[in-house]
Amino acid sequence: MERQVVHRAKEAFLSGRTRPVEFRLQQLHALQRMITEKETEICTALKQDINRSQYDTPLLELIGIENEIKLAIDKLAEWAAPRSVERSLFTLRDEVYIQPEPLGVVLIIGAWNYPWAVTLQPLVGAIAAGNAAVVKPSELSEYSSLLLRALLPRYLDKDLYPVVTGGVSETQELLRLRFDHIFYTGSSTTGKVVMEAAARHLTPVTLELGGKSPCYIDKDCDVRIACRRVTWGKFVNCGQTCIAPDYILCEPCIQGRVVECIRQTLLEFYGADPKCSPDYGRIINQRHFNRIMGLMEGYTPVVGGQSDSSQRYIAPTVLKDVPPQSRLMQEEIFGPLLPIVTVSDMDDAINFINEREKPLALYIFCTDKKASKRMIEETTSGGVTVNDVMMHYTVSSLPFGGVGQSGMGRYHGKHTFDQLSHQRACLVRKLGMESVNLARYPPQDRRRARRVRMALKSPLIDMSKRTLIWAIAATVIGFGLFVTLLVILLIAAGLNCTCWYWRGFYNYF
Amino acid sequence: MDTQRQVVDRLRSSFRSGVTVPEQFRKAQLTKLMSMLKENEERFLEALHKDLAKPRFEAVLSEVDIVINDLHVTIANLSSWMQPEYVSKSLATKLDDCSVRRQPLGVVLIIGAWNYPLQLLFLPMVGAIAAGNCVILKPSEVSAATDRLVAELVPKYLSQDCFAVVSGGAEETKALLQNRFDHILYTGSQNVARSILQAAAVHLTPVTLELGGKCPCFIHGQVNIQYAARRLVWAKFFNAGQSCVAPDYVLCSMATRDAILPAMRQALEEFYGKEPQKCPDFSRIVTPRHWSRLMDLLGKTSGKVVVGGESDQEDKYIAPTVVVDVPEDDVLMAEEIFGPILPILTVESLEKGIDFINSKEKPLALYTFSNDSSAVKEVMERTSSGGFCSNDGIVHMTLPSMPFGGVGASGFGNYHGRWGFETFSHHRACMLRGWALERLNSLRYPPYTETNLGWLRWTASPNTTCSLM
């Protein structure tokens, strides 16, 4: 069944109908309509999947998708146009450019924590780039998955953008087939499986994985504001966010303050009993609930710690003085537990971070700009937000992606378009000017060789419109000034000459 | 002699020390690489001649100069490439410092190929060094003399703590791939590429694959026969056809074929004389095994050899050869030829030509010869390939400003010039916010309200502009 779906998508792609920009725009507009018209249904599905509040859904997923669609619609003509490049002397008279082209059929495998964002944002880029796309939402967010399967064919081309639902075996079946690109969001473990499957067909992949995103709070910063921002980022979606601050690093002297500020903020956000707050989520399923509860074993939290298995509820929880070798610090928490690990200073924090795998995000709270920049330079991560959390995700002109174990490739905005396109180098020559070419043919001698070496050399010549206009303008102005100078000199000389001439004339006469 | 593991560990701890990050270090190493090539040009040319009987001219252009060109471009522009790239923002983030910072990945492995042993090793290396990485080079053992020379010279010029050469065959490469790298660039065949990708998957290492394929050369309609023949012959028989971007086969009408054959004969004679084996400007096949593979193809083809066909086993020589009346399922059309044999297949229309090309895997390069620019455009728009060049061959990949890479079965990823720098960098999104405007931030905090959501929608929209900003 999966085979037929993919085959149909491939045939649809080969028909060429995704090539015209108008078609792609039409599909994007339709997707936009789907999000707007079905917002209520989407929110309901998410409430059933993960107890997401009706405000969190637009805030965390739908606004982002809508913005991506708006941007793509606005910029598509520009993104899809040929991009001119610099040429050498040899290619001065040729057309030299890069033409972005669709890859073919893209497989998008979504995740359950933001089921709409992580499937539809890549889909926007896939459509914009002129591809067909097979969408495989996560079976763990069951209601969203079924809703997507029902909705997408009603708005988009059925053959080009099919939705395939199912569990592990359906995904494995899909991965046996050949795609032109696979876009996967999920865990590093499954990421390896996806990449290995892709290897069989030499398929390029984009892997948006996870990791433990550290959050460093400097002792001299405004701890209260820092904690408000961290608390928001950590407990939104019940901690089930790939870029959530996973753990805090701070000096022992402020640990107490940090705990207190988080406690205060939690009270403000979710009230005395978060279980009753409509704005606080739940854990996706029993398996993850048990996993997260297991991480806490043996530690006494200083905030929260309560749970209710029947609702898969875990209270916003903070643990302090957590040892680096504890279970809490071995795997990505992906839940509402916030460990605090103490470090002696910023350098200690930098070493701590660098000893571990490269995370998807790094957060630094520090008032000293220089120190923040140093921390950025001496560490690495997918992305970085200083003095806040997660916000780098919201700017579509910033590439979103991991590095090392946190992933490969990037997307958002134009980056998705570029990621799911082939940048084809194009040189369009004519069959004239053959005399220039003669130098490169055998039989070879020193003189010919020298001529060719010259023609292929750098520096490159930038023939982009802007440079050309500047060059022409500068030449015209320069020439104009020169002519003006000449005229002035001639007039002056002429006047002089004339004076002398008439004087002479008069003298003569 | 360090073991492979020791080499990787040494480079990794050098990388961790941060020594490759400063611009001065990168520029210094790039300059030393340039000196290595310039000061040892004769020795490199000799080694290349030993390996492939590579003519001086070809070696200078396609192995030394192309790398030096790229070095010039890279050194001249490195400062600006390394600068943070500031990006456009929404209203909500207008006061923030949003930029993309390029960071090195770590330890990069570059696996070269035997057909252009210097270019395919050092061109990627330029990008890797420019991006601030440590690099392990694994030259092809098939081009043995160049392999030895590279292993000798690189440690003499470049920092031994940051750059190393590992030599060896298939077994050693397999063992090397057990180690963890931060990026692997491989040039070669599809079969080996699969095992490299599988080894990379274990460590989640990103990969760039520069593979091959059968690069079609479609000649359509009116064409200046003499010029087209010259350029086609030059591109095909350069390096005795052993180029991943050589035109693999020709597609044209019967009439064009009949017109172009004499022109090709003439061009061949002009280039290599009546006896190409005696001409110093014509290369040889790299190994006896490859020679036998090519001779086998010639033996089994059901096409007719109309030009060349001569060979000399001891000399690993095969004359520039053209074969006509080649059926679609011929042995010459089964895999990439990678030798001086040019099959010509006939198609009678533009449509048939495009369909033929699209029925095969996406090639690394696609060539079209035609005076009709709309036909050229149509071929380009209705096909896909790594790169595209009309009315010439190979030259599109000499420009450092163009990305060089494949698509589909011909590979993924790219490099050359700035593209190499970008391939070997991590593009890190950086947002630096302030402490003020916490009230604005509060819009996003619980308890949630409809009003707050409305404000957020507006401030986060990409189309929201503010005349003050």
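Placed from the backbone N, Cα and C atoms, the Cβ positions cover glycine too.
Owing to the predicted nature of the structure, the values given are computational and were not obtained by experimental measurement.
Quick look at what TrEMBL annotates:
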ACT_SITE  B:GLU210  active site
ACT_SITE  B:CYS244  active site
DOMAIN    B:13-427  domain 'Aldehyde dehydrogenase'
Query: For B:GLU210 (active site) and B:CYS244 (active site), what Cα-Cα distance in Å is obtained after rounding to a whole number?
result: 9
- prompt: Which ones in the same chain are close to B:CYS244 (active site), with CB under 8 Å and 6+ residues apart in sequence?
  reply: B:ALA113, B:ASN115, B:THR187, B:GLU210, B:LEU211, B:GLY212, B:LEU364
Message: What's the number of neighbouring CB atoms sitting within 10 A of the CB on B:GLU210 (active site)?
response: 25
- prompt: Can you give the mean pLDDT for the domain 'Aldehyde dehydrogenase' (B:13-427), rounded to a whole number?
  reply: 96
